[in-house]
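According to TrEMBL, the protein carries these features:
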{"type": "ACT_SITE", "residues": "TYR49", "note": "active site, proton donor"}
{"type": "BINDING", "residues": "HIS111", "note": "substrate binding site"}
{"type": "DOMAIN", "residues": "17-289", "note": "domain 'NADP-dependent oxidoreductase'"}
{"type": "SITE", "residues": "LYS78", "note": "site 'Lowers pKa of active site Tyr'"}
Amino acid sequence: MAKSVKLNTGAEMPIVGLGTWKSPPGKVTEAVKAAIAAGYRHIDGAFVYQNETEVGEGINAMVKDGVVKREELFVVSKLWCTFHEKALVKGACQKTLSDLRLDFLDLFLMHLPMGFQAGSELFPLDSEGLAITDGTNFLDTWEAMEELVDAGLVKAIGISNFNKDQIETLLNKPGLKYKPVTNQIECHPYLTQEKLISYCQSKGISVTAYSPLGSPDRPWAKPDDPSVLDDPNIKAIAQKYKKTSAQVLIRFQVQRNVIVIPKSITPQRIQENFQVFDFELTKEEMKIILGFNRSWRACTMHWGVKHKDYPFNTEF
Ligand SMILES: NC(=O)c1ccc[n+]([C@@H]2O[C@H](COP(=O)([O-])OP(=O)(O)OC[C@H]3O[C@@H](n4cnc5c(N)ncnc54)[C@H](OP(=O)(O)O)[C@@H]3O)[C@@H](O)[C@H]2O)c1
């Protein structure tokens, strides 16, 4: 049986979802359809992936064909950094909804705690290649996101790429109306995130693991970078269960009650990545996998390093 995680709103979020970053517009509609046909009920998208129209086509086709009802799906999108000014948040959400051709999102995340200069550039960079701030405070952006819940545009709101101090700042915000339901962060055996996961879960905030396979198709990958999918120790565990490395990497998150969103545009892999509910890693294997941590990030968001709200220069 596919599992879900109960959010602090009471809603259930399917524990395995389909990632869509880097999924080309010409491929993602079929990927979404293949995922829903395989049993996925959770799709992870974002405005900045520049494919939401095509993601929506896949969702709407499956609803129209009667394969799934809209209420059975859990659709996630994210507020991009150039829309952090309070006055821009609602329009950004409405743009995503109109691209997806949906009336509401199940979850809208603040993609990063960093606000960037508003405008048509998704990555407004200075002469050093560093992101130009818009001077906003993510607490104000959060207030505008809370209004989306009240307006019925989104069922829940959450955060992504927030570190512990930033979450604490948000939770201590005077007049906080809605707590984030999830923090979507990079997580795999080379970045196990034990401290941040345990902090989030202790505060009633679920965790969603992005790049669970180590994001091998990230555009800046170098040949010498570590590869979790090729890790011989992961392969050995996979062999024991007659499973693939990808399935072990996904199962590893499921067993920690961490929601996980592997991306694929390959129908056979989309199916494979969902076949993770028929085996169980032992406690010992879970511990061994946690021991592979090397605090390695696939997504360092290097253009943000000098931003006042860059999240990755604290311990966790
Ligand atoms: N919040 C954020 O800042 C943030 C950042 C990064 C990612 N995300 C989200 O998380 C999702 C997943 O992360 P990701 O896209 O970085 O990387 P990922 O899911 O770790 O890896 C995707 C890559 O793995 C390949 N793959 C998928 N299944 C496989 C299998 N069973 N065997 C072998 N290879 C397989 C895919 O190839 P094919 O597609 O060619 O099959 C693709 O190249 C994203 O798509 C996005 O939705 C969010």
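The backbone N, Cα and C atoms fix where each Cβ goes, and this holds for glycine too.
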- Item | TYR49 (active site, proton donor) to LYS78 (site 'Lowers pKa of active site Tyr') - Cα separation in whole Å | 10
- Item | For the residue listed as 'substrate binding site', the number of other Cβ atoms found within 10 Å of its own Cβ | 20
- Just how many other Cβ atoms lie inside 10 Å of the Cβ on TYR49 (active site, proton donor)? 21
- Message: Just to confirm my parser: what is the rounded mean pLDDT across the domain 'NADP-dependent oxidoreductase' (17-289)?
- Response: 98
- Note on the structure: Students should find that the Cα atoms of LYS78 (site 'Lowers pKa of active site Tyr') and HIS111 (substrate binding site) sit apart, in Å rounded to an integer, by 5
- Message: When DSSP is mapped onto helix/strand/coil, what comes out for LYS78 (site 'Lowers pKa of active site Tyr')?
- Response: strand
